[in-house]
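Contents: one structure, followed by commentary.
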Amino acid sequence: MLRWFTAGESHGMELVAILEGLPAGIPVSLEHIGNELSRRRLGFGRSARQKFEKDLVTLSAGVLHGSTLGSPVAIRITNSEWGKWEKIMTPEVPCKSDMSDAKRAQGLYKPRPGHADLVGMQKYGFQNSRLVLERASARETAARVACGAVAKAFLQQLDIFILSHVKQIGSIKIDYEQGAYPRFCDLEAIDSSPVRCFDKNTSEKMKDELHRIKRCGDTLGGVFEVLAYGLPPGLGSYVHWDRRLDAMLSAAIMSIQAVKAVEIGDGLAISALPGSEAHDQIVLESGLLTRMSNHSGGVEGGVTTGSALRISGSMKPISTVPRALKTVDISTRQPANADHQRSDICAVPAAAVVGESMVALTISCAILDKFGGDSLCEIKRNFSGYLNSIPKNLMSVIER
């Protein structure tokens, strides 16, 4: 069983992540984790914060000489801006002199619509929304991406590869034929796009739209898609509701800040089709079972089919709008404009990378549930043995 936790505040000393349940023998490097964290910073429309904040990563437990030990893995991401925030975000009771003049020490009493500010203040009885936003911030996803980097390293040992791309920003969307999805070999080209869009023409239109929305003092949301190749048939279960892989994946994507909807495969579009067109018909190809299409997104009945996994997340526009929205000053009970914190115009490209990590962690859980072992060698043996045990007349094509 794989469990993982994160801790830390947006402007705190560091983010901390713990991964428990990984087998021994997974190759892990700081370079790989650092590369994944740098991908999270990609995308036109990110805030100035991405330019001067650095993700300084430390593996403090569970990895020795580039390989996991089977014990909990501990990852620390130090805040490079901690010096500016140390007096304000100290866990100790601060001196009055440290808090008197600093602009950062001022309370935030104007909760931002669309954020967790007001509900967090109500839930915990806080009078200052900083006590909410520091943890609710999407900065926490850096720790998720670090965990996801380790999960990806594990999955790649089983020839399972995960990527993402942006399908839509605002009203601008990519239009491609069924089956013409990006492959893992396309990841470098996707990452080189300023909006991480697979199609060059659509990418330029998205960039133009972001320029326009920035001039208007507004923000945009959109849709990203995560794909996983190399998944064997049989991950997940139809036996219990909480073991259905599509349910677990949906929860994982929905947990990403600002995601408001999740679709697997063709998602909502399937509801408009007749049954004769909506389902993936099964045929024989070179002696193996395969499907003529992938409307289902690689999951049927909560179980993987062997086709590519496709899951999309729809992200609402960034809630911190430069053209401040109406709110109420909690300290005076008077109408006010919402506090404006430094933020992105659009974070869909970054959310896509976070989505990769959430999918990688969820699939890793399913892999360990089915093929669990104490070492990577043992899991590889179990994985191979399972594939070899499937009766020949039932074996499906595994899409890679």
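From the backbone N, Cα and C atoms, a Cβ is placed for every residue, glycine too.
For reference, Swiss-Prot has these:
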- R40, R46: NADP(+) binding site (BINDING)
- R135, A136, S137, Q257, A258, G301, K316, P317, I318, S319, T320, R342: FMN binding site (BINDING)
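When the Cα atoms are compared, A258 (FMN binding site) and R40 (NADP(+) binding site) turn out to be 15 Å apart. Counting every protein chain shown, the number of other Cβ atoms lying within 10 Å of the Cβ of R135 (FMN binding site) is 16. For K316 (FMN binding site), the same-chain residues 6+ apart in sequence whose C-beta sits under 8 angstroms from its C-beta are G114, G221, A258, V259, K260.
Here the C-alpha separation of I318 (FMN binding site) and R40 (NADP(+) binding site) works out to 16 Å. The Cβ of S137 (FMN binding site) lies under 8 Å from the Cβ of E9, S10, Q257, each of these being in the same chain and 6 or more residues away along the sequence. The Cβ neighbour count for T320 (FMN binding site), using a 10 Å radius and every protein chain shown, is 22. Each residue contributes its Cα atom, and for T320 (FMN binding site) and R40 (NADP(+) binding site) those atoms are 19 Å apart. Spatially close to R40 (NADP(+) binding site) yet at least six residues away along the chain are T141, A142, V145, A350, V353, V354, judged by Cβ distances under 8 angstroms. Comparing the binding-site residues A258, I318 by how many other C-beta atoms lie within 10 angstroms of each C-beta, the top residue is I318. According to its DSSP assignment, A258 (FMN binding site) is coil.
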